[in-house]
Amino acid sequence: MAGAWLRWGLLLWAGLLAWSAHGRVRRITYVVRPGPGLPAGTLPLAGPPRTFNVALDARYSRSSTATSSRSLAGPPAERTRRTSQPGGAALPGLRSPLPPEPARPGAPSRQLHSKAGAQTAVTRFAKHGRQVVRSKVQQDTQSSGGSRLQVQQKQQLQGINVCGGQCCHGWSKAPGSQRCTKPSCVPPCQNGGMCLRPQFCVCKPGTKGKACEITAAQDTMSPVFGGQNPGSSWVPPEPAAKRTSTKKADTLPRVSPVAQMTLTLKPKPSMGLSQQIHSQVAPLSSQNVMIRHGQTQEYVLKPKYFPAPKVVSGEQSTEGSFSLRYGQEQGTAPFQVSNHTGRIKVVFTPSICKVTCTKGNCHNSCQKGNTTTLISENGHAADTLTATNFRVVICHLPCMNGGQCSSRDKCQCPPNFTGKLCQIPVLGASMPKLYQHAQQPGKALGSHVIHSTHTLPLTMTNQQGVKVKFPPNIVNIHVKHPPEASVQIHQVSRIDGPVGQRVKEVQPGQSQVSYQGLPVQKTQTVHSTYSHQQVIPHVYPVAAKTQLGRCFQETIGSQCGKALPGLSKQEDCCGTVGTSWGFNKCQKCPKKQSYHGYTQMMECLQGYKRVNNTFCQDINECQLQGVCPNGECLNTMGSYRCSCKMGFGPDPTFSSCVPDPPMISEEKGPCYRLVSPGRQCMHPLSVHLTKQICCCSVGKAWGPQCEKCPLPGTAAFKEICPGGMGYTVSGIHRRRPIHQHIGKEAVFVKPKNTQPVAKSTHPPPLPAKEEPVEALTSSREHGPGVAEPEVVTAPPEKEIPSLDQEKTRLEPGQPQLSPGVSTIHLHPQFPVVVEKTSPPVPVEVAPEGSTSSASQVIAPTQVTEINECTVNPDICGAGHCINLPVRYTCICYEGYKFSEQQRKCIDIDECAQAQHLCSQGRCENTEGSFLCICPAGFIASEEGSNCIDVDECLRPDVCRDGRCINTAGAFRCEYCDSGYRMSRRGHCEDIDECLTPSTCPEEQCVNSPGSYQCVPCTEGFRGWNGQCLDVDECLQPKVCTNGSCTNLEGSYMCSCHKGYSPTPDHRHCQDIDECQQGNLCMNGQCKNTDGSFRCTCGQGYQLSAAKDQCEDIDECEHRHLCSHGQCRNTEGSFQCLCNQGYRASVLGDHCEDINECLEDSSVCQGGDCINTAGSYDCTCPDGLQLNDNKGCQDINECAQPGLCAPHGECLNTQGSFHCVCEQGFSISADGRTCEDIDECVNNTVCDSHGFCDNTAGSFRCLCYQGFQAPQDGQGCVDVNECELLSGVCGEAFCENVEGSFLCVCADENQEYSPMTGQCRSRATEDSGVDRQPKEEKKECYYNLNDASLCDNVLAPNVTKQECCCTSGAGWGDNCEIFPCPVQGTAEFSEMCPRGKGFVPAGESSYETGGENYKDADECLLFGEEICKNGYCLNTQPGYECYCKEGTYYDPVKLQCFDMDECQDPNSCIDGQCVNTEGSYNCFCTHPMVLDASEKRCVQPTESNEQIEETDVYQDLCWEHLSEEYVCSRPLVGKQTTYTECCCLYGEAWGMQCALCPMKDSDDYAQLCNIPVTGRRRPYGRDALVDFSEQYGPETDPYFIQDRFLNSFEELQAEECGILNGCENGRCVRVQEGYTCDCFDGYHLDMAKMTCVDVNECSELNNRMSLCKNAKCINTEGSYKCVCLPGYVPSDKPNYCTPLNTALNLDKDSDLE
């Protein structure tokens, strides 16, 4: 069949034959199915397939690979060949053998011919010499020798491929045997190819050529299988397992290659045809299939886009590749995999994800490919899906009209269409032709590859279903893919049964039911969209397996939603669709934990539940209520899918039904290009358009109602413009629902398998007529990123009768249903289904192999009978189920027949029915077909039903230069031509006459086929005995002058000396003009010399060491150049780069200084400029400073803080500053501050009637008695008491005198008595007693030995006797103190005749007589000053001061001071004593406690009371806490506990500044142990004495015992019976009843029995004792101090210091 165009499909399966001493022997059977042969010059069309068989026996060792022939070894085995024509058949991925070349006119025949004929053939090739005829004697001698060898071989060799007692031409003996079973290929097969038969190499995938010497990378323009004619549709090569014999496959429907898993084969076209076929696709530069022997097997997958139905032959872009490898990692697998691992199946789904961003909002979208099943047998590929160039292509765009997806966002359109989706016809274009693809081979999705690993348990697939064995065998699947691609692994399973057993494999997206009614395998996709899914078993609580609860499908945070109706078990819920489960409250389903190795408690995969410790069982999700709302649930292995009702369609995961999208209207209307802000449509187009065309192009609004077009990027826009702005989908390509009703008949649309199955599943033929086919297309919205397929009109083929008029037209294409369903094609020859007169029959998508999971069945609205075909889609097996009113019937596929007993389609055994099949061979029945196994020398006929003899003589050069005689199953060679002799192998071989020396004694002898020729020797040689010997020319004189001679074969060569070059014939040496080269003597002049040259250099250059260049002189090597700078060499010169402040000299050989002071007048403005080497200096006068610009500027001294402050302002001047002081202040000596003016230095400022008191910024005059300061404050003026005190003298006259006044009586004999205020008669002179003037009153002082004696004032207005006769130590005014006389002296007796404690009772202080003296009430006279911090009780004479408990009275300081009990060692024995105000604390070290006396620390006794353990921590104590809660003034010298700090020293404690409780709070009282154990008497000497029986310390601050709180325990306000319940105090139980113990700052009002506020400012602030230099302001329960003007608060509480003193202290502290 010369010029035949072959397309090959390949199916490989293997079986274990036997073990031998040399290793395992596998029998690999190649089922080769070529397409129809065509005459040269025609294109291939669909035709009846023919089946041929080739059996190959191969031996491999454990370390070999199945794809390499280099390891083949072992004993010979019988080899059976099947081809479709002479020349054999090519295997997939290999070039087809060249057909026999037809005889050319005038060429010599290859039959028996004479020697003259041979001479004619030789003459055509002879160039010189004469023709020489061999002698007959030589021929006879060689022939006889060969005959003897042939006889010997005939005695030894027997069997096939034996010709004349020896191996036929192209065959040799196999090692270790005497059988001619080893083919030989010359040249040998390269690149791992295998010699299948003589001169025929079977190449590895990716290589081709006669000897497999050409790789895929070298072949850039490889022709494809075939083309397409108008009115025809290309039929791709289907997998071999789907094909049948001619008898059963004459009418197989044609299918389109869209979205199917195809095998790319590139056989070489026949002669003549290759000139007419345009190459379409560059060869795919994919990786070879890597099959690792044993544990790991790799597959190379490429994502293939889903193109439109009209597809030219060949493959598409190689964009994105998946490298899939499965196997066990070393060290991680719990078992070891040997070479004999059985059939392993991997089910996966490839995906490509991308990120789409619109206006800053990005989202991910993933596009899934078809679910794919790969099978390996014993670690080797076992089906065509594992071959090289197998690709899974996912298309983002619905390319139409035969367009192909060449990249993720581009359609490669045919010549007659254009546009983004190939939807726009090109005017004037011809019919579709073959075209080139612009896509470059090997283009990947990304620049690098990501490696990901998926860990799954190895399941077992057998007749009982799919089970997971426990402990599971863990399989790591390694996937290499681009970043945007991913692979979702669904299942890795081992198919049990004997090796080589043919298992009916399940197709992607389908389910299969075995003949026993049990599920065999379902490969439905698990409902998941994760790009890198790692399936890991769940672990559930055992106790929850039998409990029922509600199943929730959504869990957001702690909220559970989408509850399924009804109750289910936790393992059923969480193992399938649920995320949470529970009855009263939901709990999240446990996560699947990743693991390495295995354990005994591992649970099952998603979709399975555990049966026992060994196996897992599929969960029937359809038993869960509400799984498929608006649809019908179909269970699959490990998952489920939904078959939706009318008006609904499946979502991308087939797990729910969603409403159908609305159809795009074809209504036309006006299209407006502009919409005004007032919603007014403007600028309509001249033609009416549909809304889709308008809004997807230039329109802004559409229709008579001015409907605004949706904005780009919105869902509404994507609905009508799927191709984006500027692209529309024409009406004939729009989607229609697949389940739309069509009249009264049903059209079965059947998805095409993407993988070979063991049984042919094609429907029988039907009649049709030549019209465009109409069918329904899928309108279901696909998953994210999956392209929506379109349906295209094809050339007229055939028609299905009784179709509605409103249908979409299409050619036999494959609209994609979902990522889990393979391609769909229409069978135009399907028989008419039984009509029903009631409701229309539903449209069923019937997949091959009976797919319940990939079909959609829409139940009729009013049909009540049971549809067995819907309930069990696989009920017929290998056939189509037709539902009948009663039961059902089956229309079986070719090769099957309907069995009434089994009610299904069973296989027909053709070998048993037809005995005449496979003559000369053996008939072997197969599922749905049969095979003819032919012996060696025979091949199957074109019909595949018989074995016919192979005429080996038709092959070229079988018997070279001899006669070939064909025999049954072999051939032989006879009768050699003249010049030839019979070889030992039975072939005619040429006689070499040139082996005889005398044949050509003085010429060269050249042997030729069948003859020889004497040719004269060429120049440089001489002839001798048929050979040409070389002549040595170098022996001749004067050869190669100026050089050396080297003899060569037939010539000589001159090697010239330096400066000379050889002539073109290399036989002479000539001078080289080096100056012509142009690269010599640069920067100089070149002069040529004989054999050399000379350079003359210019200034600044010198001759190089090689004397061939003028190189620059580096002047910078001289150190004296460029002082104060850097020397930079230049070409032929140099340059000085001077430092800053220098410049180059006139000669440019050094740097000289720049005098900036002379050249730049702007420098040093306001100062003096001094030039320096390389720079200059500026000297600025005082008050000026140097700025950045080298100028002097004024210093703003006033910017300094504190200058002239606080009693002045700073005034900046040029070069200085000036202080402007406030009134009363003057500038200091240094002029930087304002100091107070001491006005009192001038003694006259307050004259003689007072003294001056200087103040800050001023002064005041303190005037004597009788004088006062005027309003201006200058001096002291007399006070006119007579005007100020009216009636001061009564009836006497008032006379003002300086500093005082006089009362003058009108009668000179009367005198004014100040006691009575009247004038009375003068006493007689003989009264004997001299009247003394009135005693004046001044201040009484105490403790004159104190440094601050001026502050020790007892009372301000007392007489001298009242002071000195009581407790006073001195008397005076304004600190002018007159000490009191010492008791016991005459002065004291004269002043105090009655002694201490008595004062005169009358006016006169000097009257004698006891009756005139009275007891002095010191408590009344001196107030609180006489008994500070105590209670004063007057006695006669004297007084008593009663102090609080824990304090004592100091008679010198007249004050009650705290008693330091810690001075007594008996106060705290074995503990730490801490003195407190009025008491002390005894601290015991843990675990010691106080005893009953509370004065000794002892070990605690065993008791039932549990004493709290408290650790003692010491830290800093802060004495002050600001209003912002900032700690300051830490206690210096010691660290304290929290209790010690808060109760004794500070306000906060620790580095965290822990606050102490408020001192008036109960927490403080409890912390610091301040219980009140008695009451105070209001009167009497025991008023401050508590009624406690003994005086003791306060309670331990860590342990407050209850006995100290008994008096306050549970006393409520109602129990007191006191008004207001002791407000501002607490109720205390006393012997007489109850009383109030007032809080600090309050005292008890006995009349009202309430606690009233103490006005500390009026009662306690005598002589500023509370607020020193401050004003006292009373508050509720306390008081506060506000400093007087000129004073500021000090660090002492309630003490204000003068402002100057505070400033000085601040300055001192700053200095420190």
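Using N, Cα and C of the backbone, Cβ positions are placed for all residues, glycine too.
Listed features, source Swiss-Prot:
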- 136-147: compositional bias 'Polar residues' (COMPBIAS)
- Asn339: N-linked glycosylation site (CARBOHYD)
- Asn370: N-linked glycosylation site (CARBOHYD)
- Asn416: N-linked glycosylation site (CARBOHYD)
- Asn612: N-linked glycosylation site (CARBOHYD)
- Ser639: O-linked glycosylation site (CARBOHYD)
- Thr761: O-linked glycosylation site (CARBOHYD)
- 907-948: domain 'EGF-like 5' (DOMAIN)
- Ser929: O-linked glycosylation site (CARBOHYD)
- Ser1011: O-linked glycosylation site (CARBOHYD)
- 1030-1070: domain 'EGF-like 8' (DOMAIN)
- Ser1051: O-linked glycosylation site (CARBOHYD)
- Asn1242: N-linked glycosylation site (CARBOHYD)
- Asn1357: N-linked glycosylation site (CARBOHYD)
- Ser1678: O-linked glycosylation site (CARBOHYD)
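Here the features listed in Swiss-Prot are placed on the structure.
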residue : record                      : Cβ contacts under 8 Å, 6 or more apart
Asn612  : N-linked glycosylation site : none
Ser1051 : O-linked glycosylation site : Glu1019, Gly1020, Glu1033
Asn1242 : N-linked glycosylation site : Cys1252
Asn1357 : N-linked glycosylation site : Lys1337, Lys1338, Glu1339
Ser1678 : O-linked glycosylation site : Asp1640, Gly1641, Glu1656
Distant-in-sequence neighbours of the domain 'EGF-like 8' (1030-1070), which means Cβ under 8 A and at least six residues beyond its ends: 1018-1022, 1090-1092
Cα-to-Cα gap, Ser1011 (O-linked glycosylation site) vs Ser929 (O-linked glycosylation site), nearest whole Å: 56
Largest tally of Cβ atoms lying within 10 Å of a Cβ, found at which of the glycosylation sites Asn416, Ser639, Ser929: Ser639
PLDDT averaged over the residues of the domain 'EGF-like 5' (907-948): 87
Composition by DSSP (helix, strand, coil) of residues within the domain 'EGF-like 5' (907-948): 4 helix, 16 strand, 22 coil
Ser929 (O-linked glycosylation site) and Ser639 (O-linked glycosylation site), Cα-Cα, nearest whole angstrom: 34
Whole-number Å value for how far Asn416 (N-linked glycosylation site) lies from Ser929 (O-linked glycosylation site) (Cα to Cα): 43
Collapsed DSSP category at Asn416 (N-linked glycosylation site): coil
For Asn612 (N-linked glycosylation site), the three-state class that DSSP assigns: coil
Number of other Cβ atoms within 10 Å of the Cβ of Ser1011 (O-linked glycosylation site) across all protein chains: 23
